[in-house]
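What TrEMBL records for this protein:
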DOMAIN    5-216  domain 'Cytochrome b/b6 N-terminal region profile'
TRANSMEM  33-59  transmembrane segment
TRANSMEM  79-107  transmembrane segment
TRANSMEM  119-140  transmembrane segment
TRANSMEM  184-207  transmembrane segment
DOMAIN    231-368  domain 'Cytochrome b/b6 C-terminal region profile'
TRANSMEM  250-269  transmembrane segment
TRANSMEM  305-327  transmembrane segment
TRANSMEM  339-358  transmembrane segment
Amino acid sequence: MFKKIQDWFDERIGLTELINEFNGERIPRRGGWAYTFGSLLAFLFTIQVVTGIFLLFYYVPYFPMARNATYYIKHHVLLGNILLGIHLWGAFTMIFFLLVHMARVYFSGAYKKPRELQWVAGMVLFSVVVVLGLTGYMLIGNENSWWTINVLTNVASHTPIIGGFLRIVVRGGTETSVLTMQHIFAVHVWLLPLVVIMFIPMHLFLIRKTGHQGMALEYKNSKLSDDDPNKWIKPDGTVPFFPDQFYKDMIVALGVFAVVYFLAVYYGAAIGPMYRPLALNFAPEADWYFLANEELLKYFPGNGLIIFSTFLVPTIGFAILFALPFIDRGHERSPFKRPAATVLGILFLLLLVYLTLIGGEPKAPATV
């Protein structure tokens, strides 16, 4: 019976050939655990989609019902507390491993020719996932969400030329209102996931097209010169994706999910108090991945300098990261043979950690 079903699919779409091609993909022999980040991120995104669909059955996207709906999910829906917690901690975990994945790619020089487009696609995915986390944070509908929306839309208003327009588009008017939550809901549930779903296949296609690249100098064809792209696309020693790499991917994914599940059960998802539009002395607290950017506000106070922290520094930083493969065009991939790039990368990570830790300390409300 199964043979007949297989033959039916083979006759129409060549299913067996597709499976064999997938299973037979060759990847570099060494450092297989470093390759698990991509599969892990895809797994975590799937978890976000599944738990997000569950939350949609009960969520109401407008003030003040958003916070009440979130509270109802946590306290009155079967397994609601766990699924809400998985959605929250899964988002945190996905952003964390995205940062780890990008750091690995940077220090291994895996963004270099012929992988420029692969890096750009990854940067798009990283940017979108961060905004997904930020908009999801706003959808809780509590006091922190309300004031975070106000602060960030005011931050957006400092963007030259289009700042005022951006604030009106996000808010649905000049002030935060019911339309604001509906706009953020549409962006979080429809627009951004659609972008991710478009770019993940593109990223995977580019990986298949240009080959894998792990830690520098581990994966290369010793018979070819550094000028030959095949030196990095077709390394000396390879293993099949299945079962060698597949099992590693599964072990890491299940291990990380176990941690996410533990965090969801033990810590859950904090709901917070109902918003108070007149609580002008309330200082919103950003999620951990946005603390560094928030901390920049303190170093550029006042209307004259705030454009540096709200627009110039983030824009220039992201522009450099996007253009990195076109700036660093050398053939060398070893972090030890690229001392300038390695030192700059380490300093950037240290600065990011420092700003995040300092930004997590209690502070007075920022004026934006």
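Even glycines carry a Cβ here, placed using N, Cα and C.
Just so you know, TrEMBL annotations are computer predictions that nobody has curated.
Quantities reported herein were computed from a predicted structural model and do not represent experimental measurements.
Across all of the domain 'Cytochrome b/b6 C-terminal region profile' (231-368), the predicted model scores a mean pLDDT of 80.
Sequence-remote contacts of a segment are chain residues at least 6 beyond its ends whose Cβ falls under 8 Å from one of its Cβ atoms, and for the transmembrane segment (33-59) they are 27, 66, 69-70, 72-73, 77, 80, 83-84, 86-87, 90-91, 93-94, 97-98, 100-101, 104, 129, 132, 139, 189, 193, 196, 200, 207, 212, 214-215, 245, 248-249, 252-253, 256-257, 260. Proximity of the transmembrane segment (119-140) to the transmembrane segment (305-327) is established through 3 or more Cβ-Cβ distances under 8 Å for residue pairs spaced 6 or more apart. Beyond its flanks by at least six residues, the transmembrane segment (339-358) meets 103, 106-107, 109, 288, 291-292, 295-296, 328 of its own chain at Cβ-Cβ distances under 8 Å. Away from its own ends, the transmembrane segment (79-107) comes close to residues 34, 37-38, 40-41, 44-45, 47-48, 51-52, 54-55, 58, 70, 72-73, 119, 122-123, 125-126, 129-130, 132-133, 136, 213, 215-216, 256, 259-261, 263-265, 267-269, 287-289, 324, 335, 341-342, 345, 349 of its chain (Cβ-Cβ under 8 Å, at least six residues beyond either end). Cβ atoms under 8 Å from those of the transmembrane segment (184-207) belong to residues 38, 42, 45, 49, 52, 56, 61, 115, 117-118, 121-122, 124-125, 128-129, 131-132, 135-136, 138-139, 149, 170 of the same chain, restricted to positions at least 6 beyond its ends.
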